[in-house]
Amino acid sequence: HLRYLCSECFRAIFLFFFFPSCAGGWSPLDTDRYQWLQVDLGSRKQVVAIATQGRYSSSDWTSKYRLLYSDTQKNWRPYLQDGNIWTFEGNVNSEGVVRFELQHAILARYIRFIPVDWSREGRIGVRLELYGCSYWADVISFEGHGVIPYRFRSKKIKIAKDVISLKFRTTAADGVLLHGEGQQGDYISLELSRARLQLSLNLGSNQYGSIQGHTSVTSGSLLDDDHWHSVVIERYRRNVNFTLDHHTQQFRTNGEFDHLDLDYEISFGGLPVSAKPSSGGRDNFVGCMEGITYNGDNITNLVRRKKLDTSSFRNLTFSCAESNSFSVFFNSTSFLRLPGQSDSDTLSVSLSFRTWNPNGLLMFTALADGWVEVGLTEGKVTVFMNVTQKKNTRIDISSGSGLNDGQWHSVHLNALENYAMLTVDGDEASTVRTAIPIQILTGGSYYFGGNFVPTNTRSLQRSFQGCMQMIHIDDHLADLRAVEQGLIGTFENVSLDMCAIIDRCVPNYCEHGGRCSQTWDTFSCNCSGTGYTGATCHTSMFQQSCEEYKHQGKSSGSYWIDPDGSGSITPFRVSCDMTEEKVWTVLKNNLSPQTSVTSADQEGKAVLQITYNVTDEQVLSVTSSATYCDQYVAYACRMSRLLNTPDGVPFTWWVGRANERHSYWGGSGPGIQKCSCGIEHNCTDAKHYCNCDADLRNWREDAGLLVYKDHLPVNQVVVGDTSRAGSEAKLTIGPLKCHGDRNFWNAASFTSPASYLHFPSFRGETSTDISFYFKTSSTHGVFLENLGTTHFLHIELRGSTVLFSFDVGRERVELSVHSAVPLNDDQWHRVEAEKNIKEAVLQLNGQYREIRPMPPQGHTKLEFYSDLYVGASSGQRGFLGCMRALKINGVTFDLEERARVTPGVNPGCQGHCSSYRMHCRNGGKCVEQYNGYACDCSLTAYDGPFCTDDVGGYFETGTLVRYDFLPEASASALQEVKSVSGVGVPSEANLTQEELVFSFSTSSAPSILVYISSRTQDYLAVVLRHNGTLQIRYSLGGLTEPYTIDVDHRNMANGQPHSVNITRYLREIRLQLDHYPVSTYTLPEASDTQFNLVKSIFLGKVFETGQIDPILIERYNTPGFVGCLSRVQWNSVAPLKAALRSGLAAPVSTHGILVPSNCGASPLTISPMASAMDPWHVEAAGAVFPLNEDQASGDGVDRNSAIIGGIISMVIFTVLCIMVFVIRHMFRHKGSYHTNEAKGADSADCADAAIIVNDPAFTETIDESKKEWFI
């Protein structure tokens, strides 16, 4: 049986079905926003859908509408979806039927249909039908005293699985809904706290406190709204699903126990009488519950059948009493006017309110001579009284704080005789009083809500958005139902008997720990300290790996990385070593080198825990994407056995990933109980496979690399043979080091516009992000798309524009960014797209960007009902080119794997140098690789991944470097070394042009810096004269004296770095010193233009046979250059680099002491750029995310400058011999190099070695990081 009520009905008030023969429909007399149609379903029903149609054969229909529902025709609740009061799309004509499936069923007896927009050709009109089914449940009313105990069949139960469900309705913000506990400390509790639901669980804590099982999770908000709320708790061991009103939180309980041990009973509605005293102090539940079930037992049904004890109830009822509260809902355009006494000398107003806005006008009344205003200002209640009788006397008082928290708060203002009194939340102790200099007289009208037009006042007119109830004027409760019936007062745009407050921070759409704050209309996220950015803290601020930092041109240092981007793994700090061709990610641990092993337990074993300041999940994110990982381990021993080889039980083992125990050592592999010396057959005692297993009294060591990355890192080492007399051991566990990033270089090449990669369907989240790199020579193509039945997602290239389009509800959103440079230039470009509940963002190459606010409705989780296609599957032109590093919501899609089984798509991509060539500096050559590129620095005077690292050396007295140009025949015979060293061996030549570049720093003069000789008498010399000025001497024949260039304007023997660049073409010589302008000189016409048969390059000093310019020898060659030379390059020859790099085969020799140094850094005539300007270089920039840590200071080149300046001061007071001694020790560099060279399987001398070298996990070995110290 259905009944219809309406605000104004004129045709009929009965149910209309969709039959053309049934003429009519509902259409009110007045077409305005105050009309409604109410349906009485006779009893509570579960409504799942609604269908609407316009009025039959008319121009009347409803195009947009809302729904309210209630059990009692009071306290109406709007239908919500996606965190908003939902506006339904209705009809566009009178005959079409529009059906809407409700996302969440409505459970109610009364439904109100509220027209929001209607036909412009006619008026409001509707025929509607509701779809649903019957509903019935036992209801129990709790008055705050009664508690329902459910006794277990045995005194104690041990439960691994729980399913608890119930519905509740209350106006109280606090109260216990269920509670159970056991003598062992286990408990489960569900309670309301400040109108939020809190589930507390403890599956057990041990008596020592090392295992803490307490777990607490909070859900929901504003649950004291007197509406029904549904709760389901599902637990299996430590895994819990906690569902409140269709929102589910999944979590695992703390501790290590799986069972819930309860004693005697579990109670509903409050704490049982048997509860421990420590559980007391909490209120019982006041309100109604229905449908209570506990592990299959219907508790409410058992109560109705009197199967449970209900003696604690004073009056047990199976119905839910109606609430007496009557709320008024204000929006930004609302006000409510109520009458009061006129010309009274006493003003008394009180009300309760709830809001999210920090500011708003609660009440305004005009006095006979002035006005009074009560409002919210920055979360405080403020009262302004303005009495114009005596020179505009103004009185301000305020009370409370943080009252815009969405909770109900009460305000009471009394003004009588000569004082005013303000009380907030009934706290009489904090009541604020103030004196009033004159007597007031009330005006008789009171305005609530703010949006009105006052007369003769100065009100601030701050609109109030929120709810009010319990409004008292002159100590009498205002009859708001009479207001609704139009008997008293007036109102504008208010919703009566309803409080439609929404907590936009529950559920919290701020991800990764972002802090949510809100106003009435929207929410915002504070992402500071999270490592993420964006409107919902979804996008990571950091790159996914050291590899990605390298390809942004960064150098070695400490960086934050985020391997899964927007995924659940938080960013963490690593060291990136980019000094070699490979980029190493280094995770350091807490164990100092050569740590003495002590503190053995009762069993004689010492346990050493290794920690890395990162979680296991973070470590796994590095190792899983790396191509290779290793970790150096060393065990130094004296009478302390290691593995007890060959057949014994190991004395020592280590624990790696997943707490797995391993009994092999560095240099060996899984399943082989040997050390490195056992693999290589060079152990101290041939009977054992480890040096330490010989059990000798003198110190021995077993060391090597652990390279099976699925076992790394080392988390614990258990040492078992140190308790004997005389036994000693020292343990070293190096950092975990990995190189390569398979996710970053995971690529596929699309060779046909019809080709695509197909991936299984997946369900997106409220926030969805997509990122990838592409390069193409085509102007058009679809990157990826998803053509779901209700959802759509599409990213496409059109010329120099990238488009990102998707559906939000029934609305399609499209973003586009245009590049100023062509995108079909066959270079890598990056696309980043994100859609969240607040905005959509599309970014190209990190600089072109469009942001679009999202529509307010339609933010259900993206559900892809069809599969995802990389490329185009819908007949459009697909992408043609290369794509790599495709990542969606933090998950990298394996393009290579899918490309191997897909026609028209090839795994991998070549041509990286077209995009990254500019990173190879100083003449370095970009070399193409399968998964990236490398810079070949062999023909430069530099080193490092980008050929930017200075190669230099410190020359002591008498040190010289000689580089010889071989005769042509000898050079040809040696060219084969180029395949090994990467450096060709140049031969003698006749030159018409050359370039000499180098840097130096010294405090002594005179000296020869560079001397280039020939097999004739041609030469080039760069010398420092006695006064420290520079001279260049050219002798190419044809002149009686060498051609000299004197640079007299500055002393260059001043201890600072200086750079010299000399280029010659025929007779023109160009000279640039430091950053000064280039100077041009011309050789005389008589001079030859060929540098004939270049023979040798000398650095620091000349030691040559044959005829040499006597001036060079007599004036500048003794005692020789003392200082630093670096970046020395003659055309394509780098003699100093060849001398310092032992791996380079070159005709170079060194006499005296030459120590590697970078003291030839850039000249200080221009200050070097501060590394603090680089936001990615964490240590230099002093970043504090997310923890404040001590930052290491960056070393700059001026450290050496200060030292050299100190040496200059010492020269004044010391003799030459002491100075030489001091300089030797001041500039001596200590270098340690240790190499583990790869050994091929074919050269392995035992089966174990062959296993290791043939296993892909063992195929690479590395040079340990080279270290330099500057004293």
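One-based numbering along the chain as shown.
A Cβ is built for glycine as well, from the same backbone N, Cα and C atoms used for every other residue.
TrEMBL entries are annotated by machine, without manual review.
These come from TrEMBL:
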type: SIGNAL; residues: 1-24; note: signal peptide
type: DOMAIN; residues: 26-133; note: domain 'F5/8 type C'
type: DOMAIN; residues: 139-320; note: domain 'Laminin G'
type: DOMAIN; residues: 325-499; note: domain 'Laminin G'
type: DOMAIN; residues: 501-538; note: domain 'EGF-like'
type: DOMAIN; residues: 537-589; note: domain 'Fibrinogen C-terminal'
type: DOMAIN; residues: 746-909; note: domain 'Laminin G'
type: DISULFID; residues: C882-C909; note: disulfide bond
type: DOMAIN; residues: 910-948; note: domain 'EGF-like'
type: DOMAIN; residues: 964-1159; note: domain 'Laminin G'
type: TRANSMEM; residues: 1202-1223; note: transmembrane segment
Neighbour tally for C882 (disulfide bond), based on other Cβ positions within 10 Å of its Cβ
22
Listed in sequence order, the residues of the same chain lying six or more positions from C909 (disulfide bond) whose CB sits under 8 Å from its CB are A747, A748, S749, K775, C882, M883, R884
Counting only residues at least 6 beyond its ends, the same-chain positions whose CB falls under 8 A of a CB in the domain 'EGF-like' (501-538) are 80, 83-85, 196, 219-222, 225, 247, 329, 332, 354-358, 406, 465-467, 560, 562, 566, 570-571, 766-767, 769, 834, 836-839, 841, 1185-1186
Looking at the domain 'Laminin G' (139-320) alone, can you tell me the average pLDDT?
89
For the domain 'F5/8 type C' (26-133), the number of residues DSSP places in helix, strand and coil:
0 helix, 65 strand, 43 coil
